[in-house]
């Protein structure tokens with residue numbers, strides 16, 4: 001197949017606002033209307049808002065792993081804290097060593113820097129092979145080197161504070177928030193309560209909470225064991241480390257509550273460890289967030305197709321999987337540059353492909369313009385749930401209604417059946433029981449038939465069969481041509497020359513003229529002969545009358 005033309009829109013930061021303003025001038029329209037398409041086996045499964053993003057925002061989380069106990073309770077919690085401290089050091093020291101090796105690999109010499117940089121990466125990978133993601137992570141780690149050094153200068157003050165969350169701004173080039181999940185626990189349980197606890201109970205509570213946090217740390221840094229410092233931390237891992245205090249950093253970086261859940265689901269918020277200090281048990285993580293530009297008038301519509309019944313067999317509609325609509329323009333959307341969530345689509349660039357007039361007309365509601373392929377087999381899932389109702393091909397599967405009892409039949413020539421709560425309350429399909437709560441109102445087109453001219457061949461086997469038929473037709477045509485040539489070869493070429501043809505034409509015209517003249521003369525003679533016969537008959541009759549008159553006298 002030939003390459004398709006496409007519209008490629010890169011989205012550097014300076015173009016985000018310009019693109020958003022341009023698209024905001026276009027008239028807002030409703031999404032693609034799936035009601036006339038459902039009965040043709042084309043189902044609109046949902047819409048997503050289209051956003052463009054670049055990963056440009058960064059901030060730092062300074063995780064305070066070791067909490068400060070109140071003075072009167074330090075002795076009680078000493079044993080579990082010391083055991084916890086030793087376990088932390090054992091667990092995170094390889095991570096800290098790897099971070100230092102990579103950061104120290106930066107030198108002033110360009111060529112030597114590259115060699116030492118790559119060597120540091122490969123030396124920290126267990127298998128000895130550095131992937132592109134690991135190189136990117138190591139590059140980000142080196143870029144955060146100065147910020148990590150600034151944080152280390154403040155480590156004593158960070159470790160000494162009893163605050164669970166506070167901003168660190170002294171000498172830092174980017175926003176940094178110090179958080180302590182364990183400090184939050186200590187503050188809630190011991191500092192901010194008047195309840196007196198005995199020493200044994202304090203040790204038990206602290207020990208249990210520290211063990212739980214160690215389990216979370218082991219889960220978070222499990223991938224770092226095989227490849228220290230080069231594996232990005234997910235947003236879920238960051239929340240495990242920082243607890244609810246993670247929201248403070250995200251809010252400071254400009255992530256609104258309406259975007260937070262969507263961004264968390266997208267996986268675009270990631271973190272890279274940039275420092276670990278075993279003396280104060282300080283862990284620094286650089287968090288990367290995307291700069292998101294929302295395109296208010298642009299949405300992505302997802303389409304699914306069902307295997308429908310046609311007079312040529314089962315077929316599936318030839319439509320794009322995802323289309324985008326801005327105003328009255330509908331084009332196919334390439335989602336390979338996008339990350340999707342339940343409600344949003346985040347793309348580094350917008351790439352669309354124009355559709356043929358036939359597909360455009362089809363998606364606009366003219367189902368007679370839709371084309372179908374016979375590539376779908378009988379084992380294809382012949383039904384789909386849509387808003388509490390079901391669209392099913394009841395010729396491929398048995399549509400058994402349990403309430404009220406009965407079998408739903410599909411009319412001859414009908415592509416699919418639209419089944420809602422008005423026709424069946426409880427539906428059974430291939431052993432799956434569904435309780436229907438939705439309905440297809442009068443705006444849904446029903447009883448759509450697929451014409452033979454709408455079904456084309458696209459599968460490899462079918463194309464081979466059709467090509468065989470074409471070859472047979474061509475062979476038959478060649479045989480007919482050979483017969484014609486053999487007959488033409490028997491014709492005397494001299495008789496078909498130009499002068500001979502002119503002579504034939506002149507003689508033919510002369511013959512026609514003589515023929516016409518002869519015909520006219522013959523007609524004239526016949527007419528004259530008939531006139532003479534009439535005259536003789538009249539004379540004979542008169543003579544007979546005279547003879548009769550004489551005889552009577």
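Residue 1 is the first one shown; counting continues down the chain.
For all residues, glycine too, the Cβ spot is worked out from N, Cα and C.
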*Which range of 414-439, 440-465, 466-491 is coiled coil, per Swiss-Prot*: 466-491
*Pick from 191, 541: which one does Swiss-Prot list as N-linked glycosylation site?*
191
*Choose the correct range: of 113-141, 142-170, 200-228, which one does Swiss-Prot annotate as coiled coil? Give that range.*
142-170
_residue 85 (N-linked glycosylation site) and residue 366 (N-linked glycosylation site), Cα-Cα, nearest whole angstrom_ = 70
*Other than its own, how many Cβ atoms are within 10 Å of the Cβ belonging to residue 85 (N-linked glycosylation site)?*
15
_Sequence-distant neighbours of residue 447 (N-linked glycosylation site) in its chain (C-beta under 8 A, six or more apart)_ = 39, 411, 414
*For the topological domain 'Cytoplasmic' (522-553), give the DSSP counts of helix residues, strand residues and coil residues.*
31 helix, 0 strand, 1 coil
*May I ask for the residues of the chain that lie six or more residues beyond the topological domain 'Cytoplasmic' (522-553) and have a Cβ under 8 Å from a Cβ within it?*
none
